[in-house]
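S.K.: The following feature annotations were taken from Swiss-Prot:
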COMPBIAS  291-311  compositional bias 'Basic and acidic residues'
COMPBIAS  335-344  compositional bias 'Low complexity'
COMPBIAS  345-356  compositional bias 'Pro residues'
COMPBIAS  735-753  compositional bias 'Basic and acidic residues'
DISULFID  C1088-C1138  disulfide bond
DISULFID  C1097-C1121  disulfide bond
DISULFID  C1113-C1134  disulfide bond
DOMAIN    48-227  domain 'VWFA 1'
DOMAIN    243-300  domain 'Collagen-like 1'
DOMAIN    301-358  domain 'Collagen-like 2'
DOMAIN    501-544  domain 'Collagen-like 3'
DOMAIN    545-588  domain 'Collagen-like 4'
DOMAIN    733-769  domain 'Collagen-like 5'
DOMAIN    798-976  domain 'VWFA 2'
DOMAIN    1088-1138  domain 'BPTI/Kunitz inhibitor'
REGION    242-770  region 'Disordered'
SIGNAL    1-20  signal peptide
Amino acid sequence: MRRRDVAFCLLLLPAFMTQAVYGQRKKGPKPNTLARKNDFQDAICFIDVVFILDSSESSKIVLFDNQKDFVDSLSEKIFQLTPGRSLKYDIKLAALQFSSSVQIDPPLSSWKDLRTFKQRVKSLNLIGQGTFSYYAISNATRLLKREGRKDGVKVALLMTDGIDHPKSPDVQSISEDARILGISFITVGLSTVVNEAKLRLISGDPSNEPVLLLSDPTLVDRIQERLGVLFERKCEHKICECEKGEPGDPGPPGTHGNPGIKGERGPKGNPGDAQKGETGERGPVGIPGYKGDKGERGECGKPGMKGDKGPEGPYGPKGPRGIQGIGGPPGDPGPKGFQGNKGEPGPPGPYGPPGAPGIGQQGVKGERGQEGRMGAPGPIGIGEPGQPGPRGPEGAPGERGLPGEGFPGPKGEKGSEGPIGPQGLQGLSIKGDKGDLGPVGPQGPAGIPGIGSQGEQGIQGPSGPPGPQGPPGQGSPGPKGEVGQMGPTGPRGPMGIGVQGPKGEPGTVGLPGQPGVPGEDGASGKKGEAGLPGTRGPEGMPGKGQPGPKGDEGKKGSKGNQGQRGFPGPEGPKGEPGVMGPFGMPGASIPGPSGPKGDRGGPGMPGLKGEPGLPVRGPKGAQGPRGPVGAPGLKGDGYPGVAGPRGLPGPPGPMGLRGVGDTGAKGEPGVRGPPGPSGPRGIGTQGPKGDTGQKGLPGPPGPPGYGSQGIKGEQGPQGFPGSKGTVGLGLPGQKGEHGDRGDVGRKGEKGETGEPGSPGKQGLQGPKGDLGLTKEEIIKLIIEICGCGPKCKETPLELVFVIDSSESVGPENFQIIQSFVKTLADRVALDLGTARIGIINYSHKVEKVASLKQFSSKDDFKLVVDNMQYLGEGTYTATALQAANDMFKEARPGVKKVALVITDGQTDSRDKKKLADVVKDANDSNVEIFVIGVVKKDDPNFEIFHKEMNLIATDAEHVYQFDDFFTLQDTLKQKLSKKICEDFDSYLIQVFGSPSFQPEFGVSEREVSVSTPKPAKEMSKSFNVSRGQNEETESYVLTEAGILAIPTPPEATNTLEPLLSSREGVETRTPNPNLLQSEKSLYKDPRCEEALKPGECGDYVVRWYYDKQVNSCARFWFSGCNGSGNRFHSEKECRETCIKQ
């Protein structure tokens, strides 16, 4: 039993020694990566997400709140993502808002939990200036580089409309650099009006992929799905590139093992190169001794003591390696020594260099998660049966059935040979029962000499019992051997019994030589023949050695560079335990002086059996050089060791040969085995359509709906004339709308063609005519002829344009405003000396472009307007109006003061000036304010903006709202000029005709809503009119005399009606009958009587039409189809056809 315990401990000792020596891991194969599956670093994927919010002026209040709500919803969805493998997500979130500046709140370094993150995002305030996406991307990249975790997944989610400030740098290069650093971008558009090309440029998405929009109700789910795929792909890639962690702390030192099995005796070493020492100095001549009688020849004596080693000679050339000798027989076991004291544990050694990283096999698939809890039952729905649902989850596999009972059937016939099956999958290695000990195999070939370092001296084992004394040897004396190297002093042998031989001649005394260098330990010589037993000598005193001093603690070595993980090598075969070698006998503690070499004595009598010596542990000797590798010993007897750990599954073997043999008899039914693994996923068929569910309870009433005022309905049919009422008493009411156009009169019959007259004689050339009349002179002439009222009085005017140049306007719309201001100034201010104009350009700051005293000509005014710079920041309307109030302090006394505000957004909340206070100051200074608001009715901020427009304007009739900047038409200019110069402009409208505008929204009938027109086209002549054309707009054209003519709409009458007006200052006169043409007058072509109809298509071309009210031809834009016949290709054709002479 004791031998089994010793063998078991000896087998465990190499396993412990290969892993740790005094707390230090030895070199060897590194642990498999699969063994570290539960390691923290390998089980977590780090994810850093930065939300980038557009806080510019174009995002306004509602869009900025929508962005914060989106971040709140998506951040919660991100934490609901679960990895598909045995991993965990470690997620950190940060938020960044940008405009012309960037604010990071919160950063990644201050991440605590999701609740704190949501609170800080909700507290963000709108910056409200220009859009600079470049700085947002650069700051997000710097944030992820500095505070993002190494080897983590980095994602930036950018929300913007992609319409940057003109001074914003290009984002292409910085976006590409960020993606090279491993940052993934996801872009979201704020509205349907986005720059899709720029958003794709930032995210790197292909052109065929649609752009994500913030208004999409499924946006959160779409981005959650996209992030889930991104995280799974990135984290799986990171796991494959995992690195070895830091080495752990050294473990506690192991217990000392039992002494190993006695090893075999090694082969005899080659004799060393003995060199003869130098001859010593001649000593003094001794006294001649007494010459004795010659004795008998004695027996061969024992070999003499080993002589002193001579001085070390030079190293000779390295000789060839000798042939491996045959191992000698095992020696007798030595006496068992006493158990020594346990030594102190040595200091931990330095860490060894890390090995190359290994590549582990794929881990086992994780278990399926638990099923979620059942939600609360919802209300019973009402509706038709829906489409068949998707296939349900796969069911759990059923248990294996009980084995059937029955008698074994007869042996079946041998079936036909089937085809060779495919190579099977790699099987799982299952440790089987330990097999029986096999027969002892033949001795294997000699292994390659091992390379190892000298180990420390082991603890001396217990002294074994003395072996039996061998029989005396017999043999003839051999030749005298060469003088060998001096060996260690052996024990003093017993005194021999024999005839004293003759005394030898004394040798010359040599000079003492230099002490030689301690020689190498010689190999053990062959066991000599037993000498004659001598007399027992005196028993010496037992020596006791002192323990040597404790060695100095070595310095801790520096940590080696991390090496690459190597491929694990194949597991080698288990070695056989060696045979325990004999323990040497301790020598005497005091060596005696060497006596003279005596003659060989005769054979002595066998001595008595000696007592066992006391084992005394001597001091630790110096470490000797490495000896030659011994031959492998014979396989020793022993008990089979403990089964080793389960090895890795080997590669699948080659496909076996097709078996040939008869079918065996059917075996008896085996014992019922455990239930098998789950089978493959089944393929089900779609079930039948379910029955219609029961009618559910009625739902709660919905919230009240919101809607805008509908468009004005069509005019109803004319009612029957009522009886004439009594004359009422009251004040005169407002002027009514234009009535409907009457029915077109019956076309007269064409008269017969008269006889052609005789051609007259060509007359003489008349004198040169007078200079033609100007536009103003023609208007004055018409007024004098028609007698329709006084001409417009040019009233002195102080006009200040307050122009919004904020970020939401945009550079293109700002150019439209510039053109609009120049055109409006031409209509209003015929003389800059009478009507003076000032300009204020504002955004987050206010620029006084021109004062009221600056301009002397319209060319200077237009040049200043063209040189205005687009600011593109916030909307500080209150500060701009305050600057207008300061400018009006330079106004002339008693002159009308008008401010025209053109804006597209509500005032910035950070404006230091209060809008209500500034407007009150303007009203107190008798400043009349008009407002042109450009905003769509479906805009979320329309109600707020509309209230602000009414607050700014002097009264509700001074507010004009348009959907966009393209709808600033001349009709608006007329309404403004009616307020400024009422008589003159109203006269122009009544003389040339004006379409009736239907207000679609608002507080007053003065508000105008016009849709976007067709692109404008320019006319080539000395006077150009550039404008669009559609059903709701007018076309101003030039007559041959240069008069600006307005085409008569289809609703206008064909006759010149008397001009009636209820306005003050306008006198009513009767038209001059001499200038009126008779309605019964016939034209050469019936097309001349048709009203002008531009048509309904979009292919506009220039044509000429005849206006019978002024008996003149003019140009107009013809749409290309469905127009009236009153159109001609040239002015000449129109004149020849229609104009009456």
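Backbone N, Cα and C define each Cβ position, glycine as well.
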S.K.: By CA distance, which of the disulfide-bonded residues (C1088, C1097, C1121) lies nearest to C1134 (disulfide bond)?
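M.R.: In terms of Cα distance, C1134 (disulfide bond) lies closest to C1088.
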S.K.: Taking Cα atoms as reference points, rank the disulfide-bonded residues C1097, C1113, C1121 by distance from C1138 (disulfide bond) and give the first.
M.R.: C1113
S.K.: What whole-number Å value do you get for the CA-CA distance of C1097 (disulfide bond) and C1113 (disulfide bond)?
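M.R.: Given the Cα positions, C1097 (disulfide bond) is 23 Å from C1113 (disulfide bond).
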S.K.: If you count, for each of the disulfide-bonded residues C1088, C1134, the other Cβ atoms lying within 10 Å of its Cβ, which residue has the minimum?
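M.R.: Least crowded of the disulfide-bonded residues C1088, C1134, by Cβ count within 10 Å, is C1088.
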S.K.: Compute the C-alpha separation of C1121 (disulfide bond) from C1088 (disulfide bond), stating it in Å without decimals.
M.R.: 18
S.K.: Pull the DSSP breakdown for the domain 'BPTI/Kunitz inhibitor' (1088-1138) and write it out as helix, strand, coil residue counts.
M.R.: 10 helix, 15 strand, 26 coil
S.K.: In the structure shown, which of the disulfide-bonded residues C1113, C1121, C1138 has the fewest other Cβ atoms within 10 Å?
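M.R.: Per-residue Cβ counts within 10 Å for the disulfide-bonded residues C1113, C1121, C1138 bottom out at C1121.
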S.K.: Just to be sure I understand the packing, how many Cβ atoms besides its own are within 10 Å of the Cβ of C1097 (disulfide bond)?
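M.R.: The Cβ of C1097 (disulfide bond) has 12 Cβ neighbours within 10 Å.
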S.K.: What Cα-Cα separation, expressed in whole Å, is found between C1088 (disulfide bond) and C1113 (disulfide bond)?
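M.R.: Distance (Cα to Cα, whole Å): 10 Å.
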S.K.: Would you mind giving the whole-number mean pLDDT across the domain 'Collagen-like 4' (545-588)?
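M.R.: Here the predicted model's pLDDT, averaged over the domain 'Collagen-like 4' (545-588), is 59.
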